Amino acid sequence: MICIPVIDENVSDAINSAKEALKYGDIVEFRVDLLNDVTFEDIEKFSKIPSILTIRAEWEGGAWKKSDNERIELLKYAIKNNAKFIDIELKEERNLELVKYRNEIGSKTKIIVSYHDFEKTPEIDELIDVVEKELKIGDIAKFATFAHSKEDTLKILNLMNKYSGKIIAIGMGESGKLTRILGLDFGSILTFASMEGKASAPGQVDVKKLKEILELIE
């Protein structure tokens, strides 16, 4: 799957951007933390669109400035409305609460548990530990680390291969671009690409260019 982040500041723009993005990608990621304001009704609208709902905490590189309790309640509402995916941080102390809620109500939402390192790619043993912890909590493990070298890129690709079908792994930065291009072949369930001029992370590839490259590889 190709996932395109939606990074607009108001809800109507976000929904319009999502509709346009889905002409090129398979799903979108609504970065709810970047919106100026969001209601439960908005979450319901987003949940009807093939998407990942992410309300990234400020302490994990996001923009969510309101209470953690409000964030958790919005994510629960997404689960209640059977959003395709939600993303919650490994460091979020209440992540198991969301899984328990999903299971109790019989929601179809898949839960992605994520980890970010914006400075480096840790050693492979540390990354394995992260992925194992994530998979004990949610359905899909995700990590995004900053790749500084070919060695970092190889580490990330190796882990995609090891956890094929239950991982999303990303090497941020120029050195990590190969992880975005080869990710699907190595076992990542999706790769992120951006609409022109709307990248949400360093090294994100334009979706039209990515599709051209993937067609050449095939």
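Cβ atoms are placed via backbone N, Cα and C, with glycine included.
Per Swiss-Prot, the feature 3-dehydroquinate binding site maps to GLU29, PHE30, ARG31, ARG56, ARG180, SER200, GLN204; the stated evidence is sequence analysis. Here Swiss-Prot flags HIS116 as active site, proton donor/acceptor. Feature annotation from Swiss-Prot assigns active site, schiff-base intermediate with substrate to LYS142; the stated evidence is sequence analysis.
Overlay of Swiss-Prot annotations on the structure.
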residue: PHE30; record: 3-dehydroquinate binding site; Cβ contacts under 8 Å, 6 or more apart: VAL6, ALA14, ALA18, PHE46, ILE49, SER51, ILE52, LEU53, THR54
residue: ARG56; record: 3-dehydroquinate binding site; Cβ contacts under 8 Å, 6 or more apart: ARG31, ASP33, GLY62, ALA63, TRP64, ASP87, GLU89
residue: HIS116; record: active site, proton donor/acceptor; Cβ contacts under 8 Å, 6 or more apart: GLU60, GLY61, GLU89, PHE143, ALA144, THR145
residue: LYS142; record: active site, schiff-base intermediate with substrate; Cβ contacts under 8 Å, 6 or more apart: ASP87, ILE112, VAL113, SER114, TYR115, GLU134, ILE167, ILE168, ALA169, ILE170
residue: ARG180; record: 3-dehydroquinate binding site; Cβ contacts under 8 Å, 6 or more apart: ILE170, GLY171, THR191, PHE192, ALA193, GLY203, GLN204, VAL205, LEU210
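For the recorded site, HIS116 (active site, proton donor/acceptor), the DSSP three-state label reads strand. Of all Cβ atoms in the shown protein chains, 21 besides its own fall within 10 Å of the Cβ of GLN204 (3-dehydroquinate binding site).
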